[in-house]
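Novice: Input: one structure, supplied below.
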């Protein structure tokens, strides 16, 4: 009976997780869509504004986030020892914080161009989109650390799934915001 | 929960890193406005491939529910196609 109850609870948790994930993907999708439309409306202004971004740092951040995702996947693997699970979660979180640090450094170089009238729309959308993503990385990074403290398999599964989706969003955002 | 072994996960990670590095020359060229339009689909294809690997191997959906797997792969694919179409429209309008 207790086992059946636990299975029902786990199923409900998974369902709520995917509802959350799809609502996140919808929110990011709206922002990315708005960015694409705005680029079509003012292609020259957006093209010039984009020259002030640092795609090299963004590519480095892609490597950092993918490595973090790899560690998260190890943590969520079947038959992994508690010590290994914990270590992988901590490494994943630390790499997430490295992503945040690199992004803040990147912002510090870009923010001075945001006030220029011709670039204002671009930078408003850029900071909104990448900032929204950055908040997610920071927040779920903290959750990874909390789960690492007591790594119950169900919690590890939930938090790493969320982490991979944040990774997925960055993979799509990077070429659209910085390059294409 | 992923059913991939640590070795398989490491292989996936290495492929992902290679895809990022392979896209780097395109990324740096694309930032200059004189970059050929052909770089755009190449870079977006790399992004879709990376997203697919994350969904199948890191999220462990290769053996998971098909609807979820298809939906999560369709999301990056949709935006990659939209971005490629936008790049084409902008290139045509600027040259015209």
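The count begins at 1 with the first shown residue.
Heads up, the Cβ atoms here are built off N, Cα and C, so glycines get one too.
TrEMBL entries are annotated by machine, without manual review.
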Novice: Which stretch, out of A:88-105, A:106-123, is listed as transmembrane segment by TrEMBL?
Specialist: A:88-105
Novice: Please work out the mean pLDDT for the residues of the domain 'Heme-copper oxidase subunit III family profile' (A:1-180).
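Specialist: That region's mean pLDDT is 93.
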Novice: For the transmembrane segment (A:57-76), which stretch among A:15-37, A:88-105, A:125-149 has the most Cβ pairs under 8 A?
Specialist: A:88-105
